[in-house]
Structures are given as C-alpha cells and as structure tokens.
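Chemist: Below is the structure I would like to discuss, written out as structure tokens.
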Amino acid sequence: MPIILGIDPGSRITGYGIIRQQGRQLEYLGSGAIRINASDLPSRLKHIYAGVTEIITQFQPDMFAIEQVFMAKNADSALKLGQARGTAIVAAVNHDLPVFEYAARLVKQTVTGIGSADKLQVQDMVTRMLQLSAKPQVDAADALAIAITHAHSIQHSLIVAKQNNPSITTHKEQILALMKTRYSRGRFRLKG
C-alpha cells in the first residue's frame with residue numbers, strides 16, 4: 001500500500017497531493033499548495049525545499065512523482081520552473097524517495113482521457129476519482145493528478161513485472177520491479 005506524493009512545481013505556487021494506493025483503489029490523504037511570497041528566487045527555492053521536506057516528514061511517502069519540464073514560450077519562466085522542480089526533487093532524494101517524472105500531457109490523458117484537457121477538467125476528474133466532497137485548489141488538483149498517474153503506472157508495471165516474475169510479493173520488491181521496468185533502457189542505475 002504505497003503512499004505517493006505528487007508535486008506540481010512552480011516558483012510562486014507549488015501544489016502537492018498525497019494518495020495511498022491499495023490495489024486499484026486510491027485513498028486521498030491530503031493536498032494543498034506551498035505559497036511563496038519571497039521576491040528573490042533563492043528565497044523562493046529555499047521555501048519550496050522547506051515545504052516539500054515538511055510534507056515528506058508529515059506523510060512519509062514511499063514514492064515521489066513530479067511533472068516534467070515542458071517547453072515554455074518564455075525562457076525565463078522555463079528556467080525558474082526547472083529550478084523549482086530541481087529543488088523539490090532534491091528534497092525527495094534527500095529523504096531517499098524514488099523519483100518518477102510524467103509529462104503534463106500524459107497526466108491529463110490519464111486523468112481525463114484528453115491530453116489537452118484544461119485545469120478545470122483535471123480538477124473535476126480528480127474530485128470524482130478520489131470521491132472528494134469539495135474540489136481541491138487547482139495546483140493541488142494537478143499534483144493529485146500526477147500522483148494518480150503514477151499509481152496507474154505502478155499498477156500497469158506491476159502486472160508486467162508479475163508476469164515476468166510471479167514471486168514478487170513485498171512492497172520493496174514491487175518498487176524495484178517498477179523502477180527496473182521504467183528505467184530498463186539504462187538511463188539510471190539501481191543499487192541492489
């Protein structure tokens with residue numbers, strides 16, 4: 001029953017969403033946004049790191065999923081987004097969490113069935129999928145959508161891994177099988 005932390009990075013607002021996966025069932029654990037008021041970028045990055053670290057400490061996730069960088073029209077915005085992503089990833093790595101990245105289009109496709117869905121469509125579907133009584137804030141809904149996408153990826157990868165190795169039973173074995181399936185092209189090396 002892995003706990004998944006999804007992050008929607010931003011240099012002003014970083015959304016987060018935490019779910020627990022129990023087979024095909026998803027349980028909502030929490031969500032919100034790290035709001036950053038600092039004007040200088042180094043202070044904003046420090047705030048993101050502290051916020052993500054606090055969330056990790058509070059919820060003790062097993063996995064960390066984050067949106068990949070997309071090509072923005074404004075190079076300065078893309079650089080700031082990349083720095084915010086990197087800061088959140090460092091917080092996860094410092095807590096020994098495996099990091100998984102997903103393209104925004106794949107996240108939208110997974111949650112709504114439409115790769116070009118807008119934020120409100122994602123928010124509506126996340127609310128329905130997790131059976132929430134109220135809609136989460138938009139950035140939190142995006143983060144939850146990233147976590148949901150990772151949960152679906154786990155489910156698919158475990159089916160494939162178990163077909164190849166029926167003896168997989170423990171949570172650690174499942175995570176290692178998932179990572180080996182995802183990174184089998186040699187981009188990353190796994191210990192153990």
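Glycine too: its Cβ is placed from the backbone N, Cα and C atoms.
Taken from Swiss-Prot, the feature active site applies to Asp8, Glu67, Asp139. Here Swiss-Prot flags Asp8, Asp139 as Mg(2+) 1 binding site, drawing on sequence analysis. According to Swiss-Prot, the Mg(2+) 2 binding site annotation covers Glu67, on the basis of sequence analysis.
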Chemist: For Asp8 (active site), which residues of its chain lie six or more apart in sequence with Cβ-Cβ distance below 8 Å?
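Modeler: Spatial neighbours, sequence-distant, of Asp8 (active site): Thr14, Gly15, Tyr16, Gly17, Glu67, Asp139, Ala140, Asp142, Ala143, Ile146.
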Chemist: Tell me the coarse DSSP state (helix, strand, coil) of Asp139 (Mg(2+) 1 binding site).
Modeler: helix
